Amino acid sequence: MAETAPLRVQLIARTEFTVPPDVPWETDAEGGAALVEFAGRACYQSWSKPNPRTATNASYLRHIIEVGHLSVLEHASVSFYITGISRSCTHELIRHRHFSYSQLSQRYVPENDSQVVVPPGIEGDAELEGLFTAAADASRAAYAELLAKLEAKLMGDEPREGRATLRRKQARQAARSVLPNATETRIVVTGNYRAWRHFIAMRASEHADLEIRRLAIACLRELVAVAPAVFADFEIYPLADGTEVATTPLVTEA
């Protein structure tokens, strides 16, 4: 029986920043948040912080978001390793073109023992989960049978290991066509702060697919821990159905 995979979002990289020694400026933040402030001040050479209302890093970053000077957010980035996400969800995720992606390859990695992600609309309903599991098991059995027969057909009597590797890849790329959209995949996603804000604004909405909304909320919680001055304006709150959304009163992009 197919095992289910829970969503997991792991922070694996973030921006570091070093102030140039010849610039007479310091701030009360570090990493990406400091870099964003530095980039903004570099536009105007305002190293002396002439405006007391934007003297702190948090107040400066809030101001640039309020006025829509979002290009400076592009200098800092965060990378996540995301597991327990379905193929159907990553098909939506990769539509965000300002992210960079490296995803598990079904051509190189056999899916005989792959896990599945239960759609939120099915989750918790015993009857629906039974139907879902049966369908997932049937597709995986068909995959295994197709893979075995394709490998036997394509390998033939070719002795060379290089050709054998190619034939196995060709067998997997054909057999994977019967795997369900619910098949778990794993993906590294890197994006700058501006791209992450856009993703959260679009996908943490009530109108987004629930699986990718859960992903957006999970990413947001990690992002707030990394750069609160950039992401803490998003408020997470529950809906009547128990699911969560996130909204912000500040500038976002459609």
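Cβ from N, Cα, C; glycine included.
Feature motif 'ThyX motif', per Swiss-Prot, maps to range 95-105 of the set 18-28, 95-105, 106-116, 117-127.
Between the candidates ARG62, ARG197, ARG203, ARG214, Swiss-Prot assigns the dUMP site shared with GLU92, LEU93, ILE94, ARG95, GLN103, LEU104, SER105, GLN106, ARG107, ARG176 to ARG203.
All chains included, 13 other C-beta atoms sit within 10 angstroms of the C-beta of ILE94 (dUMP binding site). Each of the binding-site residues GLN103, SER105 was scored by other CB atoms within 10 A of its CB, and the lowest score goes to SER105. Long-range neighbours of GLU92 (dUMP binding site) (same chain, six or more residues apart, CB within less than 8 Å of its CB): ASP209, ILE212.
Looking at the residues that bind dUMP per the record, GLU92, LEU93, ILE94, ARG95, GLN103, LEU104, SER105, GLN106, ARG107, ARG176, ARG203, the two CA atoms farthest apart are separated by 29 Å.
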